[in-house]
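In what follows, a structure is listed as structure tokens, so that the remarks can point back to it.
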Amino acid sequence: MLALHYPDFVLGKKVQLSTLPPQRNQANIVVGCENSQATLFFQFNPFLMSIITEIHARQIFDSRGNPTIEVDVTTESGTVGRAAVPSGASTGKHEAVELRDDDKSKYMGKGVLKAVENVNSKIAEELIGFSVFEQGLLDKIMLEMDGTPNKANLGANAILGASLAIARAAAAEAGMPLYRYVGGVNATTLPVPMMNILNGGSHADNSIDFQEFMIMPVGAPSFSEALRWGTEIFHHLKNVLKKQGLSTNVGDEGGFAPNIKSNEDAIKIVIQAIETAGYKPGDDVMIAMDAAASEFYSDGHYHFKKSTGDKLTSSEMVAYWTDWTKKYPIVSIEDGMDEDDWSGWKDLTNSIGSTTQLVGDDLFVTNVNRLQRGIDEQIANAILIKVNQIGTLSETIDAINLGRRNGYKSIMSHRSGETEDNTIADLAVALNTGQIKTGSASRSDRMSKYNQLLRIEEELGEVAYFPGRKM
């Protein structure tokens with residue numbers, strides 16, 4: 001294979017150092033001398049076989065039928081790593097930039113050919129010749145190439161596609177599953193699923209203000225059992241909705257999107273479904289909320305435009321959530337306040353942070369700088385991890401590690417516009433997040449992640465750990 005790309009080089013043949021690309025000079029090679037001139041005696045070497053020989057991006061489609069980017073990274077040995085990049089609907093304004101074409105004549109301006117070209121020309125030119133095992137270095141090179149704090153030049157979608165494809169190629173080159181390659185021997189924790197069974201907000205055309213009503217089967221003894229409980233509740237919810245004459249159409253993330261009249265009616269129906277399935281709310285199964293409050297916040301108020309029409313101040317919104325955690329078995333609230341309502345977040349944390357997981361999604365956007373501010377101001381107690389919010393695997397790991405060092409939990413998360421790519425399932429185990437958000441028990445773009453976690457659980461066998469209530 002090497003001889004194909006570099007005719008002067010054949011395994012076992014002596015070759016002058018100058019005939020090789022400069023990036024190869026640091027390889028672990030055998031050095032000898034002949035006639036006082038340094039020559040190289042190359043033997044089979046994993047480093048050399050792991051050198052990137054090709055990076056190719058293409059435009060594909062996500063689960064909403066919108067263009068997104070997929071990247072292949074090929075090594076000297078012929079190994080290929082492939083990654084597809086997701087896209088969000090309710091995006092935080094502090095997220096890294098998702099580069100779109102803005103050509104209204106094609107895909108309503110949502111094409112990603114600019115990002116594709118950035119990978120195929122600029123990124124490929126810089127990274128070809130390096131080893132796929134240099135994840136941190138390669139991510140750093142791409143960040144320096146972009147040169148902006150929000151990846152506005154190359155696009156976070158272009159950079160992330162390359163970053164994740166590099167990791168997949170490296171894992172394949174090492175002969176390991178991705179979760180083991182990234183996480184090492186300690187990657188044994190299967191996450192508690194946050195199953196989004198009822199959709200509202202930006203994810204559904206109905207009268208519910210809050211974006212996600214999720215169930216967490218914390219009482220289950222294993223991941224596979226938790227998944228069974230969740231799918232059973234999902235199907236029972238469908239029957240409950242049918243009996244009430246409500247729609248069983250699903251939203252972007254596979255949860256039902258019925259035209260329920262109020263947020264309170266929605267959570268009551270979820271509780272009814274849990275009970276109908278034979279489980280005990282607040283014991284076997286807890287409820288997690290994703291309010292996506294930034295979507296209904298404006299002019300200093302929280303507007304329940306889709307349901308009651310109520311307009312709440314920050315203090316009233318805090319009181320609202322405090323009341324809900326007393327009335328309902330809610331264990332986690334994501335984005336309960338607007339992404340820039342730091343004082344509101346502080347009040348919410350002071351009110352229920354000792355008993356409820358308060359997750360920053362739009363608040364932190366997987367960004368260590370915003371997370372550090374939250375830590376310094378003692379705001380929230382958990383961070384949602386979305387790889388495309390920040391744009392590289394290395395930065396994603398940095399955010400998780402920063403949170404962990406400061407007592408913040410991490411939840412690995414999908415986006416509403418997903419693909420069949422199941423990388424986040426491996427990353428949830430690799431990084432021991434203990435929790436995962438990847439949609440409901442429907443739509444193959446969601447189930448692909450759950451199915452991958454089932455495979456990982458099977459592979460881990462007796463060493464697989466499911467945290468349950470200790471999440």
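Heads up, residue numbers simply count up from 1 along the chain you see.
From the backbone N, Cα and C atoms, a Cβ is placed for every residue, glycine too.
According to TrEMBL, the features are:
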type: DOMAIN; residues: 52-182; note: domain 'Enolase N-terminal'
type: DOMAIN; residues: 187-471; note: domain 'Enolase C-terminal TIM barrel'
type: BINDING; residues: His203, Glu212, Glu334, Asp361, Ser413, His414, Arg415, Ser416, Lys437; note: substrate binding site
type: BINDING; residues: Gln211, Lys386, Arg415, Ser416, Lys437; note: (2R)-2-phosphoglycerate binding site
type: ACT_SITE; residues: Glu253; note: active site, proton donor
type: BINDING; residues: Asp290, Glu334, Asp361; note: Mg(2+) binding site
type: ACT_SITE; residues: Lys386; note: active site, proton acceptor
For the domain 'Enolase N-terminal' (52-182), mean pLDDT (0 to 100): 95
Conformational class of Ser413 (substrate binding site) under the three-state DSSP mapping: strand
Least Cβ-crowded entry, counting other Cβ within 10 Å, from the binding-site residues listed as Gln211, Ser413, Ser416: Ser416
Other residues, Cβ within 8 Å of His203, Glu212, Glu334, Asp361, Ser413, His414, Arg415, Ser416, Lys437 Cβ centroid (substrate site): Gly88, Asn196, Gln211, Glu253, Asp290, Leu384, Lys386, Gly439
His203, Glu253, Asp290, Glu334, Asp361 filtered to the recorded positions whose C-alpha is within 10 Å of Ser416 ((2R)-2-phosphoglycerate binding site): His203, Glu253
Recorded positions listed as Glu253, Glu334, least Cβ neighbours within 10 Å: Glu334
Gln211 ((2R)-2-phosphoglycerate binding site) and His203 (substrate binding site), Cα-Cα, nearest whole angstrom: 6
His203 (substrate binding site) - helix vs strand vs coil (DSSP): helix
For Asp290 (Mg(2+) binding site), nearby residues of its own chain (Cβ under 8 Å, 6 or more apart in sequence): Asn196, Phe210, Gln211, Glu212, Met214, Glu334, Asp335, Val359, Asp361, Lys437
Inter-residue C-alpha distance, Arg415 (substrate binding site) and the residue listed as 'active site, proton donor' (nearest angstrom): 8
Site extent for substrate, whole Å (max Cα pair distance, His203, Glu212, Glu334, Asp361, Ser413, His414, Arg415, Ser416, Lys437): 16
CB-centroid shell, 8 A cutoff, Mg(2+) site Asp290, Glu334, Asp361, site residues removed: Gln211, Glu212, Met289, Ala291, Ala292, Ile333, Asp335, Val359, Asp362, Leu384, Lys437
For Lys386 ((2R)-2-phosphoglycerate binding site): intrachain residues, at least 6 apart, with Cβ closer than 8 Å: Gly88, Asp361, Val365, Thr366, Ser413, His414, Arg415
Local Cβ density at Lys437 (substrate binding site) - other Cβ atoms counted within 10 Å: 29
